[in-house]
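K.L.:
Got a structure for you, questions after.
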Amino acid sequence: VSMENKNNVTEFILRGLTQDKTVAKVCFSLFLVFYATTILGNLLIIIIIKTSEQLNSPMYFFLSYLSFVDISYSTVAAPKLIYDLLVEKKTISFVGCIAQLFAGHFFGCTEIFLLTVMAYDRCIAICKPLHYTNTVNKHVCGWLVAASWVGGFVHSVVQTLQTIQLPFCGPNEIDHYCCDVHPLLKLACTDTYILGVIVAANSGVISLSCFVVLIVSYAVILVSLRRRSSEGRLKALCTCTSHITVVVLFFGPCIFIYMRPSTTFPADKMVSVFYTVITPMLNPLIYTLRNEEVKNAMKKLWSRKVKRS
């Protein structure tokens, strides 16, 4: 309330993804299917991992949390985006905008750290299999997941506090379908260049540094696979290929958006759709279609339900 009194702006008008009504209707149908697939697919992964005795390794422990974060991250923007595709005036309150900004960066950064943790897990499992059970035990897994959540929270608090202190005196039209840092910096009634550099140093450097760590981890894994048997090499490659696919799909757009100061491009909205709507939907498909253990656990769960019925 104090922020609303300080500023002339009490709500923001979102320009949305498109102004074309025909395109908007097509996008509505597509994104509704995408969001439903995201929720059902990731929920299915969580249920399978929690109910299967076979999927008790740290990799699946991290995967269950990744699925939960995907559901949460997609829910921050997708429902509002889908609803706004059918309405003429797209508005969001000042408080709602800041809440969406906080939640988006919280879950997005947590996902970045979780993907990095999963790469570390695979690196130890493949490169040092004899030390794996001692190095990555339940206690360590719990701490790594907790650190991912805390890291995401700290990052989000920093981004939100930087944005909420800006003066907004009009105009209040955001050229986006959701509230994010760069579109809001564009509306602030002050010079935001320095703050834009800080945002790039915060979000961009986190994305880029974690991406580099991930690439190095998988490079080490690929080198170590030369000493494996052909069967072990194939299994490890299938797992790593799934992880690398997810990493590229998620980190590529994030680096494009946040590794620059407070400038916006027309392509930003479509790129943002990729990591807020499409990638969370693809994650369960990528992990299940290329993972024999998950597919076998799904078959057992299904046969169990058929027997009960």
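The backbone N, Cα and C atoms fix where each Cβ goes, glycine too.
According to TrEMBL, the record shows the following:
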type	residues	note
DOMAIN	41-287	domain 'G-protein coupled receptors family 1 profile'
TRANSMEM	23-48	transmembrane segment
TRANSMEM	60-78	transmembrane segment
TRANSMEM	98-120	transmembrane segment
TRANSMEM	140-158	transmembrane segment
TRANSMEM	193-224	transmembrane segment
TRANSMEM	236-258	transmembrane segment
TRANSMEM	270-289	transmembrane segment
K.L.:
Count the Cβ pairs between the transmembrane segment (140-158) and the transmembrane segment (23-48) that lie under 8 angstroms and are 6 or more residues apart in sequence, then report whether there are at least 3.
P.N.:
no
K.L.:
Averaged over the whole of the domain 'G-protein coupled receptors family 1 profile' (41-287), what is the pLDDT?
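P.N.:
So the average pLDDT across the domain 'G-protein coupled receptors family 1 profile' (41-287) works out to 86.
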K.L.:
Determine which residues of the chain contact the transmembrane segment (60-78) at the Cβ level, with the cut-off under 8 Å and only residues 6 or more beyond its ends counted.
P.N.:
31, 34-35, 38-39, 42-43, 45-46, 49-50, 100, 103-104, 107-108, 110-111, 114-115, 117-118, 121, 141, 144-145, 148, 177-178, 272, 276-277, 279-281, 283-284, 287, 294
K.L.:
Return the stretch with the most CB pairs under 8 A relative to the transmembrane segment (98-120), choosing among 23-48, 193-224, 236-258.
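P.N.:
The stretch with the most close Cβ contacts to the transmembrane segment (98-120) is 193-224.
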